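Notes to accompany the following structure.
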Amino acid sequence: NTRLRAHRFAMGIKAALPRYELYLYSAVLAGALIWAGSWIVEASSDNVNRKAFKESVRPGWHYFGRKMDVSDFEWVMWFSTFRNHILFALTGHVIFAKIFTLLAPKIGIYGCKHRSLIFAVYGGLAVLVTMGWTFMALVVSHCIILYSVALVKKKWMCFAAGLSTLASIKLEPYNSWQEALVTGSFDLQDILFYGGCGFSIMRCMSFALENCDRKEGNYTFSDLLKYNFYLPFFFFGPIMTFDRFHAQANNTQLTRKEREMWNITTKALLHLGVILVVDVFFHYLYILTIPSDMKLVNKLSDWCLAGLAYSNLVYDWIKAAVMFGVINTVATLDHLDPPQPPKCITMLYVFAETHFDRGINDWLCKYVYDYIGENHDKIFKELLATVCTFAVTTLWLGPCEVVYIWSFFNCFGLNFELWVAKFFSIPPFSIMEEAMGEAMSRRIRGVFNAANFWAIVLYNVLSLNSLEFAKLVGRRIIFKGFPLSTLSVLLVTYCGVQLVKERERQQALLEDPDPVKQVDGAKEKAE
């Protein structure tokens with residue numbers, strides 16, 4: 001965060017552009033999105049009956065008379081097949097907590113003080129009923145191992161034990177052996193097993209590392225169980241670091257902010273609306289199925305390919321935002337302040353802000369990236385911090401070829417940004433930038449940010465679709481499409497980046513009406 005703030009102040013985030021220029025950018029961007037969208041709609045309509053689409057494009061809502069893209073298992077799982085099961089579990093959590101709150105005073109118990117225990121009791125029972133006693137025993141054994149190591153108060157031992165435990169559910173043959181312990185068979189079992197074990201281990205590591213920082217005494221094992229078995233976060237995240245959860249869950253002064261319940265209701269209705277809109281779009285835009293058919297993809301236009309790559313990342317953000325949004329709504333009802341959904345890909349033009357799970361991102365930043373990189377202004381420290389961060393991320397995602405490639409390029413992108421910033425901060429470049437003025441500096445930086453945006457898209461779309469699709473998009477836009485497709489896509493992206501910068505400028509002015517003093521201070525801090 002320190003590096004990002006300094007980077008933004010240094011690039012003149014508060015420099016304004018003429019209003020008519022921003023109107024022009026808006027018109028160009030809107031026209032380009034409509035144009036690219038029309039290509040995708042046409043490709044979807046013309047190829048709906050392709051043999052390759054048979055499994056992933058199936059009859060949808062009969063009101064539209066069109067088939068629907070159902071290739072994303074997670075979306076179907078969350079909002080179709082297992083929707084009622086998930087809603088039942090989360091609703092039960094809310095009702096159980098509310099009933100206890102009402103009954104606690106009558107039986108002489110201070111409900112606010114023990115609410116984290118009640119959350120854990122319900123969560124533990126729900127996990128036990130859903131997954132069985134062997135899974136519960138496996139998760140508790142992970143907790144016991146990492147709690148025992150936490151008592152030593154050596155961070156390197158906590159990391160070693162935690163990462164070894166995480167590797168045991170990510171690497172063969174250890175993961176297959178542990179999965180075989182879980183009896184029963186249902187469609188959701190694999191997802192719940194790996195999600196429950198993975199997030200549980202990350203939470204236990206957070207507990208252990210926070211215990212190392214505690215100066216006097218140790219947290220109790222019951223503190224770990226109450227933290228780990230909070231049901232809304234248990235299977236699907238997001239991860240809330242132990243220090244934040246412990247402070248909020250044990251807060252006895254429970255009050256609602258003004259219009260908080262109204263905001264919670266509004267967000268819940270907004271999530272419902274987004275789910276419906278996405279389902280409607282899936283009847284017209286087969287953005288997930290088309291990239292899997294490389295024969296078809298090779299015949300598509302450059303604009304269609306660019307639109308597909310961009311829309312896949314936007315959809316992945318929407319999916320994460322809705323999934324975490326539903327969970328966060330329940331957590332907010334419990335008087336918690338959970339990690340917010342990730343930032344939309346449209347708003348990203350620097351690798352320093354790129355993430356698709358804010359909980360994991362916060363965990364990595366606190367315990368790895370910021371811990372090693374400190375102020376993120378030293379090249380070698382930053383390199384070590386990013387390598388360690390993406391090494392842990394690779395293990396978290398599950399080591400394989402695609403994850404290795406994804407980690408390498410994103411690690412490189414994060415460091416390359418710092419190298420470029422360092423290079424252009426020395427004379428004569430710094431003198432030239434000061435001479436040209438902040439508005440022109442913002443325009444020139446926008447050109448580089450536009451190229452950086454597509455680097456982010458290409459580096460991340462390979463993990464969402466396939467390496468072959470990412471290579472084809474890059475080859476068509478950068479090489480075969482040069483100069484027309486390359487420059488036109490960069491022009492549209494430049495317009496989008498400037499609109500994002502304008503939004504950030506307005507937010508910066510609201511947070512800090514006096515730009516001069518803060519800019520100078522941030523520059524001195526960065527230097």
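Placed from the backbone N, Cα and C atoms, the Cβ positions cover glycine too.
Distant neighbours of the transmembrane segment (20-41): 284-287, 290, 300-301, 303-304, 306-308, 310-311, 491-492, 495-496, 498-499, 502; these residues of the same chain sit at least 6 beyond its ends, with a Cβ under 8 Å from one of its Cβ atoms. Summarising the annotation, TrEMBL assigns transmembrane segment to 20-41 (among others).
For the transmembrane segment (85-105), the residues of the chain that approach it from at least six positions outside its boundaries are 78, 111, 114-115, 118-119, 122-123, 126, 130, 188, 231-232, 326-327, 330, 333-334, judged by C-beta separation under 8 angstroms. Positions annotated as transmembrane segment by TrEMBL: 85-105 (among others).
The transmembrane segment annotation in TrEMBL covers 117-147 (among others).
The transmembrane segment annotation in TrEMBL covers 229-247 (among others). Outside the transmembrane segment (229-247) by six or more residues, the chain places 89-90, 93, 116, 119-120, 122-124, 126-127, 191-192, 195-196, 199-200, 202-203, 206-207, 210, 219, 223, 323-324, 327-328, 330-331, 334, 336-339, 357-360, 362-363, 366 with a CB less than 8 A from a CB of the stretch.
The annotation transmembrane segment is assigned in TrEMBL to 268-288 (among others). Outside the transmembrane segment (268-288), and at least 6 residues removed from its termini, the chain residues within Cβ reach (under 8 Å) are 37, 40-41, 43-45, 47-48, 53, 56-57, 60-61, 64, 66-72, 75, 79, 308, 311-312, 315, 318, 321-322, 325-326, 329.
What TrEMBL records for 300-318 (among others) is transmembrane segment. For the transmembrane segment (300-318), same-chain residues at least 6 beyond its ends with a Cβ under 8 Å from one of its own Cβ atoms are 33, 35-37, 39-40, 43, 274, 278, 285, 287-288, 290-291, 342-346, 356, 457-458, 460-461, 464-465, 469-470, 472-473, 476-477, 480-481, 485, 489.
Per TrEMBL, the feature transmembrane segment maps to 446-465 (among others).
The transmembrane segment annotation in TrEMBL covers 477-497 (among others). Panel annotation: around the transmembrane segment (477-497), residues 24-26, 28-29, 32, 302-303, 305-306, 346, 349, 446-447, 449-451, 453-454 of the same chain, lying at least six beyond its termini, place a Cβ under 8 Å from a Cβ of the stretch.
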